[in-house]
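Student: Input: one structure, supplied below.
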C-alpha cells in the first residue's frame, strides 16, 4: 500500500534509487506492493479502500491534466473563434464562466466520480489484454448511448434549462465549450453513463482509465473548429466528427450523438435497413 512506501534516509533533493522509484510508482514486483499499473490492486485482500481511492484520484487527475493540456493547445489553435466569443456582447463573462465550469468539472466532479467507480465498481482482478479492451469497448458503447439519450432529452422544453449554457457557443464554437456545461448536465450526461457502464461490465482500472481518456480527449476535438474539414475525411461513418457536432451547434435539431460513437447514424442505418426489408416483402 501507499503507506508502506517510505524513504527515511532521503533528504531534500537526494536522488531515489531505481528500486525506490519502482516502489513509488507501484511497478516493483515485491510482495509488499499492493498496486500495479494505473492503480490496479495486486492483492485485493491487503488493499484498503482509502488506498484504492487515493490512486483513483491520482489517475483521474492524470486524465484531467492531459485533457487540460489538449484543451489549451486546441484553444491556441482556435484563437480566431476565441476572439469572436470575447468580442460578442457579454462574451468576456461567458468565456470566464466557461473556464470556471471546465475547472470544476475537470478537477472536482470528474475525479470524485472516477474515484467512486474505481473503488466500488471496478474489479480488482487482473484481466487479460483482450478482456480489458473488450470491456473498454463496452463502456464506450454504453457511454455513447447514455449521452445520446440524455442529450436528446435536454433538447426538450422541460429539460433545456440544463443544457442552455452550452449552446451559448453557437456562432463561435471553441474547445473551451466542450466541458462548459452545468453541474446537472455534467453529472447526468457525462458521468452517469460511466457509472451505468461500470455496473454492466465490471471493468478493471486500465479499461476505465482508457475509456475515460478517449472520451475526454475526443470531446475536446469535436469542439475544435479547425478540425471540421479534416474530420469529414478521416472519421469513419460510425464516429462523431467535429463537422457533425458543429452542425449540431448550428442547427440544434440534429446530430445529438457525442463525443465518440455516432448513435444517430447507427440508428439511421438500422431503421433504413429495416425499411428496405419491409419494402421487399410488401
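Every residue gets a Cβ built from N, Cα and C, even glycine.
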Student: From the ranges 19-40, 129-150, grab the one TrEMBL calls transmembrane segment.
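Tutor: Of 19-40, 129-150, TrEMBL gives transmembrane segment for 129-150.
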Student: If TrEMBL is the reference, give me the range from 55-74, 155-174 marked as transmembrane segment.
Tutor: 55-74
Student: Can you tell me how the residues of the domain 'Fatty acid hydroxylase' (139-267) break down into helix, strand and coil by DSSP?
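Tutor: Counts, helix then strand then coil: 87 helix, 2 strand, 40 coil.
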Student: Could you give the residue numbers and ranges of same-chain residues that sit at least 6 residues beyond the transmembrane segment (55-74) on either side and whose C-beta is under 8 angstroms from one of its C-beta atoms?
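Tutor: The answer is 2, 26, 35, 38-39, 102, 106-107, 110-111, 114-115, 117-119, 175-176, 178-179, 205, 209, 212-213, 216-217, 220-221, 223-224.
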